[in-house]
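Enquirer: Dumping the structure here so I can ask a few things about it.
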Amino acid sequence: MGFSGGSLAVFTALAPAGAVAFALTTMYLLVHRDTAAAVRDRMNHALIVPLAVAWAGFIASATHLGTPANALHAVEGIGRSPLSNEVAAVVAFLFAAGVYWLYTFKLTYSRRFANTLAVASVVACAAMVAMVALAYSVPTVPSWDTWHAPVNLGLAALVGGVSLGASIMRAFRPETGRWHACALKALPPLIVVLAGMMACHALFLTGISNNVASAADVVPSYVVSIVVFSALASTGWFMQRKSAKAAGLRACAVDVCGCVLVLSSVLVSRLPFYASYLSAGF
Amino acid sequence: MAYGFYFDSTRCTGCRTCEMACKDYKDLPADVAFRRVFDYEGGSCSLGADGTATCDAFMYHVSDACNHCENPKCFAACPTGAIEKDEDGIVFINQDTCTGNGACVDACPYGVPILVKEENKAKKCDMCRDRVAEGKQPICVEACPLRALEWGDLDELKAAHPDAVAGIAPLADPSLTVPSLLIKACPAAKEPGDATGFVANELEI
């Protein structure tokens, strides 16, 4: 599997999802500037959850490096190497989001500066998702160098991010009730579109081959992956929706389990992409 | 100036002396080879109703190492800048900055860079830079008993072998990376991208 697929599948499943959830929550606060200070503070502090998810993905990505001690040299390839651009964008997001999260712990802080940091985090999130999505545009790998790759990654980021964002919103009802409901409504179409796009990529692979193998042959289980993704994501969404209006610890646990299922489904959606690696040569 | 290799596929017998000389000189482990010899085969034989046999079977060898491309995709993909190209056109991996992330392995259409697990770094043919600096030829060229390999200034090689091509099957389409490689195609040789044959020694390479 190209690029040490397992750890990178975890990275591309978690880091963009965490970033999107972080951006959704901060966007809520940017839009609802009249949110009560106590609720605002608790929501800001809760941003550790998507931040931790994004960090978990980032750490997972480091496990595929043979010599992580040399990773700082990645800055030398910014602008030339898509992987360097990806690393730089992820670090920029983690820095901007981390600084914003830490800043909101001050007992008294400048709302204007906090908002500036929040906007910077949202912009960094968008840049990060774009750079991660474009990291696999390698002209000599035709099974990856296709428009399906960035679109699928963007959709995966949205599915995971909206689900995680919905879980955070749920914890802050009734203030976030409308956003929470919107997130849960947006999830099914996103799941359907991602499943459809995975099918498009699988179909695209049937026309790709080199002297040694055909791309479709190296991922014979793509259809299984689509089915498993759809089942996990739908079940997760159903659990989150079921617990949406209920109260209590049990309902909360069901929501968290649902979110974990959706994130797992995103991980499943990433695996066949890495398995589909096929060089233009051999 | 750029150095390059010339490979005469009409002479190559597939003896692997080039491959073994490289492994010996570079002290490579058993599962790592910087130069590899592909056995490319295809076609079939059939017996007609009149008892005559028709045959379009073919087989030839291709010895290939790093082609030190003019447009090396490994260089473009490496996030740490560990892959460098010197003034002689030799593409080499700086082991001090390589993270072993495998981007070069995936980007090279010739499958040249190899992740060496014991060292957690990517490695590949460096055209025997140390020997070249001493005025010698790469060890594979010197070892070839059939003189199927030549090495030198690419422009001089082109002048000496005007009919040479930049690629034959199973090598990748040369337009992808513009390899510093010239090949004298044997009569059986197929175009890059050919789908009528297959690499018969896939496990070996």
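Yeah, the Cβs are placed from backbone N, Cα and C, and that goes for glycine too.
Okay, these came from TrEMBL:
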type	residues	note
TRANSMEM	A:6-31	transmembrane segment
TRANSMEM	A:43-67	transmembrane segment
TRANSMEM	A:87-105	transmembrane segment
TRANSMEM	A:117-138	transmembrane segment
TRANSMEM	A:150-169	transmembrane segment
TRANSMEM	A:190-209	transmembrane segment
TRANSMEM	A:221-239	transmembrane segment
TRANSMEM	A:251-273	transmembrane segment
Enquirer: Under a Cβ pair cut-off of under 8 Å, which of the recorded stretches A:87-105, A:190-209, A:251-273 contacts the transmembrane segment (A:150-169) most often?
Expert: A:251-273
Enquirer: Which of A:6-31, A:87-105, A:190-209 shares the most C-beta pairs under 8 angstroms with the transmembrane segment (A:43-67)?
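Expert: Looking at each of A:6-31, A:87-105, A:190-209 in turn, the most contacts to the transmembrane segment (A:43-67) are made by A:6-31.
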Enquirer: So what's near the transmembrane segment (A:87-105) in sequence-distant terms, Cβ-Cβ under 8 Å and 6+ beyond its ends?
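Expert: Distant contacts of the transmembrane segment (A:87-105): 15, 19, 22, 26, 41, 44-45, 47-48, 51, 54-55, 58, 71, 74-75, 78, 113-114, 117-118, 120-121, 124-125, 127-128, 130-132.
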